[in-house]
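Chemist: Would you mind keeping the following structure in view while I ask a few things?
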Amino acid sequence: MEKWCKKWIPTVVKTFLVPFVTLLIVVPLTFLIIGPIATWIGNALAAMTSAIYGFSPVLAGVLLGVFWQVFVIFGVHWGFVAVMMSNVAAMGYDQILGLSLGASFAQIGVVLAILLQTKDQKLKGIALPAFISGIFGVTEPAIYGVTLPRKKPFILSCIAAGVGGGLIGFFGTRMYMMGGMGIFSIPATIGPKSGVDMSVYGLMIAMAVSFVLGFVLQIALGKKSVDADYDEKQAKAVQEVANQADVIAKAAPASNTDLNVSTELVSPLDGELLPLSEVKDEVFSSGAMGEGVAIEPSQGVLHAPDDGRVVMTSPTGHAIGMKTKDGAEILMHIGMDTVNLQGKGFETLVDKGDEVKAGDELVNFDIDEIHSAGYIVTTPIVVTNSKDYEKVSVVRQGEVKVGQEILDLEGATEKEASTNENPQIA
């Protein structure tokens, strides 16, 4: 409704009229139509669950556990609360609402796994408080902020909740009063006469199983769904940098040097050499960007790996491209996902078009500031026109100093890298 209002309300009065008109339409609809329908649906679902419970408590627990979080999304779960209060008033206990108590633990099990899996610092910032609030039964932050937008984690949490609900039904757990949710629901299941019996222990077991199963399912089956959009966004950012470097390099003056001779590239950083395959970004580790090597820097100064020209500087300072005097096209990308820092911690010392010598300083970067923001500084040094060479060899391992040879490019298949008409830049 809000989106519809934004389309036709003039910009001048949009700030005031959009919320006013939205509420003017939605509030009456909610009270007169949506609310009564949702209440009827909730009561019907509660009655159906009660009937199934009479036939099989385990089946009722599985079904309510699986669908409980779906009911929460549509608000129809309140129908179960009304039935629960009626049962407690009439019989002194309720066996229906308790079947849902494993759902919040299934949800936080999945959220904890996502917290450990994700590379997205923004998602981590959402997942941690969602995990904490979920322990106490408030699962909306976990549902709307973490699992539901990624679909598969939400489905996995429903499966885990179904198993937990089945166990609660098996142990015959009852609620004797209207208590809290999450861990605060446990006291509500302690009977005034029976005390802490097997039904209470059974609830604790079901909660633990729901949590562990949700965690395991997400670890085993849900990893690809966690950062799918994030990885695509980051890949596009790296792609844009690589394409920009390639386009500018192709437009640079052609080198007069025969690329059949060996070209040596020296280390642009002090640090530890790593195989490109160990970089925690498939865009680089797969070799799609080109062959090369990575360095875990010990000092925050990026130097030129050879004589040549700067052909690209990233606006955020985290990446720089150059074309060497022999025609090799080099992309140096400081850290993973550091484009998100929007330039914080980076200082570019050269401009596009500058001529540089091997060892000249190109970028200053603050390793501690980047680390404190939650990013790594592993730096790939990639020959983006690797296909122009028969062999790109890493000639050193372990610790390396600025100026020491790290890559040997030899046996070009073309006379000039600049004449390559179909560059394979990922």
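Backbone N, Cα and C define each Cβ position, glycine as well.
Look at TrEMBL and you will find 1-233 tagged as domain 'PTS EIIC type-1'. Summarising the annotation, TrEMBL assigns domain 'PTS EIIA type-1' to 281-385. Residues annotated as transmembrane segment in TrEMBL: 12-34, 71-90, 96-116, 128-148, 154-177, 198-221.
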Chemist: Please indicate, using numbers and ranges, the residues of the same chain that are 6 or more beyond the transmembrane segment (12-34) and have a C-beta under 8 Å from a C-beta there.
Modeler: 1-2, 5-6
Chemist: Take every residue in the domain 'PTS EIIA type-1' (281-385), average their pLDDT values, and give the whole-number result.
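Modeler: Across the residues of the domain 'PTS EIIA type-1' (281-385) the model's pLDDT averages 90 on the 0 to 100 scale.
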Chemist: Using DSSP, what's the helix, strand and coil tally for the domain 'PTS EIIA type-1' (281-385)?
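Modeler: With helix first, then strand, then coil, the domain 'PTS EIIA type-1' (281-385) has 14 helix, 42 strand, 49 coil.
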